[in-house]
Amino acid sequence: MRVVLASNNAKKLVELQRLFAALPIELVTQGSLGIAEAEEPHHTFVENALAKARHAAAEAGCAAIADDSGLCVDALGGAPGVVSAHYATVVLPAADREAQRAVQDAANNALLLDRLQGQADRRASFVSTLVALRHADDPQPLIAFGRWQGEILDAPRGEAGFGYDPLMFIPALGRSVAQMPAEEKSRCSHRALAARDMLALMRAHWLA
């Protein structure tokens with residue numbers, strides 16, 4: 001069964017492929033099929049994930065899954081939230097997508113640290129919402145949620161991962177997300193929690 005991932009993020013594809021390895025599905029990015037990214041005009045993760053999944057399913061003519069995720073910082077009223085990926089406004093280099101993403105990630109992290117200067121409350125959560133559709137007009141989307149709680153560091157730690165991983169410290173594990181091996185992140189992350197729920201939903205409703 002082919003399922004289109006409504007994202008062109010190569011690192012997210014690798015992470016989700018690892019998480020969904022137990023299912024008899026072929027997960028491919030929409031970019032590999034020539035599908036442009038959908039608009040994300042909504043104020044909640046679930047609405048944006050649904051919009052992205054519906055767009056990918058309509059363009060590909062098959063099942064689709066979308067992840068809308070982000071960082072929600074308590075002291076900032078939940079920001080950056082749904083705009084986590086583009087929190088900072090930057091001029092991106094005319095280079096490949098991964099190089100652009102690295103520049104954007106660095107700018108986002110710098111802005112977050114600036115907004116939290118002098119703030120004692122560093123509590124935050126990584127939030128992931130996964131939405132899967134059998135087709136674009138599927139009236140019964142599968143929806144799964146994951147939340148990973150931690151604290152924002154004063155400076156980046158670690159070289160692995162992407163996005164805000166170097167700033168997100170997990171007290172229970174004693175290190176930042178960017179200091180974790182990929183296997184550990186795949187077990188513990190917000191996306192892993194959502195994926196486990198989605199695996200159960202797919203088995204029960206799509207693959208039974």
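Including glycine, each Cβ sits where the backbone N, Cα and C put it.
Straight from Swiss-Prot, the features:
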type     : residues                                                                                             : note
ACT_SITE : ASP68                                                                                                : active site, proton acceptor
BINDING  : SER7, ASN8, ASN9, ALA10, LYS11, LYS12, SER69, PHE162, GLY163, TYR164, ASP165, LYS185, HIS190, ARG191 : substrate binding site
BINDING  : GLU39, ASP68                                                                                         : Mg(2+) binding site
According to DSSP, which kind of secondary structure is SER7 (substrate binding site) found in, if we only use helix, strand and coil?
coil
If one measures from the C-alpha of ASP165 (substrate binding site) to the C-alpha of ASP68 (active site, proton acceptor), what distance in angstrom results, rounded to a whole number?
16
Please give the maximum pairwise Cα distance, in Å and rounded to a whole number, for the substrate-binding set SER7, ASN8, ASN9, ALA10, LYS11, LYS12, SER69, PHE162, GLY163, TYR164, ASP165, LYS185, HIS190, ARG191.
20
ASP68 (active site, proton acceptor) sits from GLY163 (substrate binding site) (Cα to Cα, rounded, in Å) at a distance of 13
How many Å lie between the Cα of SER7 (substrate binding site) and the Cα of ASP68 (active site, proton acceptor)?
9
Among all protein chains shown, how many Cβ atoms are found within 10 Å of the Cβ of ASN9 (substrate binding site), not counting that one?
20
So what sits near GLU39 (Mg(2+) binding site) in its own chain, CB-to-CB under 8 Å and at least six residues off in sequence?
ALA51
Three-class DSSP secondary structure - ASP68 (active site, proton acceptor):
strand
Count the other Cβ atoms sitting within 10 Å of the Cβ of GLY163 (substrate binding site), across every protein chain shown.
24
